[in-house]
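A.B. asks: A single structure is presented below for examination.
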């Protein structure tokens, strides 16, 4: 088994987190807002609120944990993807089919959940605790009091993790797991299907340089946007479940029904604009770093692996 995909995936994941964390924090702030304050909360307002807390406590709050953790998560994801492709099509001279690429993406998306769910719980909890000082008092006084009286403001990911473990046990780190399963499995299959197809189209028609830098950037960005767009309602519910350490929701359906009842169907698409703004640069950077690192590693450590080639008829 080649480790090239694992190493390249780790570095790509780290690069993506660094680029996208400020956008992600803003998205979380939008998605967890209650019906009482959604009227005054939009993407720019949420961003200004995050930015007002400074770099450490606002823009990059909670970043170190996913920065390190998503290196492992993406290492597993891309490594498993490469391994499954080799299982489905052992002959590296034969191009994998659309179905094989989609299936490998779905399997890789399933496997990475064991690592990504705890990371998401801690990250979202940290991001949700940015103070609400910029929200008008007339609108959010009750929420401010609730926050100050009942929630801890965690000093860092270890403090947050210890508190979740003490109060909820191991299961607290897997809150929203089934929602993540419903979100990640099909979206990761689509993610890689779109990326591979667009990348090959661009390179086969000489629309990129020899190393595919431009193709990786464009294909990665488009794949990221499309794969996020189709699962936005699931992402909103996932975020609300994972920051609900008070047990307000009984599960997926209770969270979905309660959210729609209080905020209308539009609540399920809250944060879509900032998610799209985040998805393109994050995934463009992820695939750029992944593809270029993999290119170099394959020179020094040539693997015998199934590879989607330029002779593909996609």
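In case you wondered, yes, glycine gets a Cβ from its N, Cα and C as well.
Just so you know, TrEMBL annotations never went through curation; they're auto-generated.
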A.B. asks: Among the residue ranges 59-81, 128-150, 151-173, I'd like the one that TrEMBL describes as transmembrane segment.
C.D. replies: 59-81
A.B. asks: Identify the transmembrane segment range according to TrEMBL, selecting from 188-207, 248-267, 268-287.
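C.D. replies: Going through 188-207, 248-267, 268-287 one by one, TrEMBL gives transmembrane segment for 188-207.
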A.B. asks: Pick from 23-41, 213-231: which range has transmembrane segment per TrEMBL?
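C.D. replies: Comparing 23-41, 213-231 with TrEMBL, transmembrane segment matches 213-231.
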A.B. asks: Would you kindly list the residues that approach the transmembrane segment (213-231) from elsewhere in its chain, counting only those six or more residues past its ends and only Cβ-Cβ distances under 8 Å?
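C.D. replies: Residues 183, 186-188, 190-192, 194-196, 198-199, 202-203, 207, 272, 275-276, 279-288, 290-292 contact the transmembrane segment (213-231) from elsewhere in the chain.
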A.B. asks: What does DSSP give as the helix, strand and coil breakdown of the repeat 'Solcar' (211-296)?
C.D. replies: 70 helix, 0 strand, 16 coil
A.B. asks: Which residues, given as numbers and ranges, are at least 6 beyond the ends of the transmembrane segment (101-122) yet have a Cβ under 8 Å from it?
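C.D. replies: Same-chain contacts beyond the ends: 62, 65-66, 69-70, 72-74, 76-78, 80-81, 84-85, 88, 157, 160-161, 164, 172-177, 180-181, 184-193, 196, 238, 242, 308.
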